[in-house]
Amino acid sequence: MHVSELQTLHISKLLELAEEHGIENANRFRKQDLVFAIVRQMMKKGEGFTCSGTLEILPDGFGFLRSADTSYLAGPDDIYVSPTQIRRFNLHTGDTIEGSVRVPKDNERYFALVRLDSINGDHPEVCRHKILFENLTPLFPTEQLKLERDLKSEENLTGRAIDLISPIGKGQRALLVAPPKIGKTVMLENIAHEVTANYPEVELIVLLIDERPEEVTEMSRSVRGEVVSSTFDEPAQRHVQVAEMVLEKAKRMVEHKKDVVILLDSITRLARAYNTVVPASGKILTGGVDANALHRPKRFFGAARNVEEGGSLTIIATALVETGSRMDDVIYEEFKGTGNMELHLDRRIAEKRLFPAININKSGTRREELLVPNDQLQRMWLLRKFLHPMDEIEATEFLNGKIKASKNNDDFFELMRGK
């Protein structure tokens, strides 16, 4: 049996299982403690268990397999990985491991990994010859992630508008700049749906930092990818740990030549968390940002790249503006030049209830000629020239109207030519 089968069960089902196996006071247990107790009882009765998880190596040299279901939070049902296994198989933090486990001995607190079956979906021997992420060659994105789908829904409107205004490629470092309450989380959700529908082979991770718990539940129920979160009631150290684990996991996948997309909401709150946990340097920038605080979030964002040797890491992150906080403005200014695609959402457009509320003139992609065929690129530039003299609201209203009136983007350009 697989440990994750128990971890994904609802708490009521786990309580029934606990009763079957004679575990007393089970309703007083936290979910992770309950899983630990059930697995222990079943293994004592001779049941064999396999496990999978993402490795986190601690400073002491040993590691634990953390579960994505608990957003990589340390718990009693984590699987211990010995330093010998880590050295033998050349393991790193972020490796996704599958193997067999044994029950803890009398003086032990955790289940231990006894046999390693696969690393990141490949045979363990393959991992000995992989190239480290830091040694891979970064390139501009050359393959477009098309978000257009054969639908007449609101989310397809978002995807088609992005394809026309600022196309996204595999390996894009994209910044979605938005004031609060104008639909940036909904836009991220729409992008997630479109990526999973059009590119099922792409590994999608949605990372929610400092978000509301109900939004986390909604996102995890509607998105087919992995949703990892740290809610606003958790400490800054937890936000940082979750972000680091997601980044390391994505890097390991790229080393295995996979295409990975991370949707981060939001990089502003992640930078605030780093600002809280980083040791004080004594140099404070405007708005209360420590001079050393933005290095690690920049390292996170800077990891997005298209890789010459195969694979890519795409990061689409939201940045908050117009919050009334000087710190948020400083964080945005620091990240402004680092991305190679920006999508600006406008409060004035959103107040007119025009969604997606994209400010067309401010949004765009660097080196878009590498992503889009030349004939389509010429049409996109003509569209921009046509919309540029208009007011932002008028331009968005015109674009949204024409998208709704056409079946797809090719039909949209034919409609434009006819006009």
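Cβ coordinates come from backbone N, Cα and C, glycine included.
According to Swiss-Prot:
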DOMAIN    48-123  domain 'Rho RNA-BD'
BINDING   GLY169, LYS170, GLY171, GLN172, ARG173, ALA174, LYS181, ILE182, GLY183, LYS184, THR185, VAL186, ARG212  ATP binding site
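The binding-site residues in question are GLY169, GLY171, GLY183, and the one with the fewest Cβ neighbours inside 10 Å is GLY183. Every protein chain considered, the tally of other Cβ atoms within 10 Å of the Cβ of ARG173 (ATP binding site) stands at 24. Across the domain 'Rho RNA-BD' (48-123), DSSP assigns 9 helix, 32 strand, 35 coil. On its own chain, ARG212 (ATP binding site) has THR231, PHE232 as residues at least 6 apart in sequence with a Cβ closer than 8 Å to its own Cβ. Here the domain 'Rho RNA-BD' (48-123) returns a mean pLDDT of 89 for the predicted model.
Cβ-based crowding with a 10 Å cutoff singles out THR185 as the top-ranked of the binding-site residues LYS181, THR185.
Taken over all pairs of the listed ATP-binding residues (GLY169, LYS170, GLY171, GLN172, ARG173, ALA174, LYS181, ILE182, GLY183, LYS184, THR185, VAL186, ARG212), the Cα spread reaches a maximum of 30 Å, rounded to the nearest whole number.
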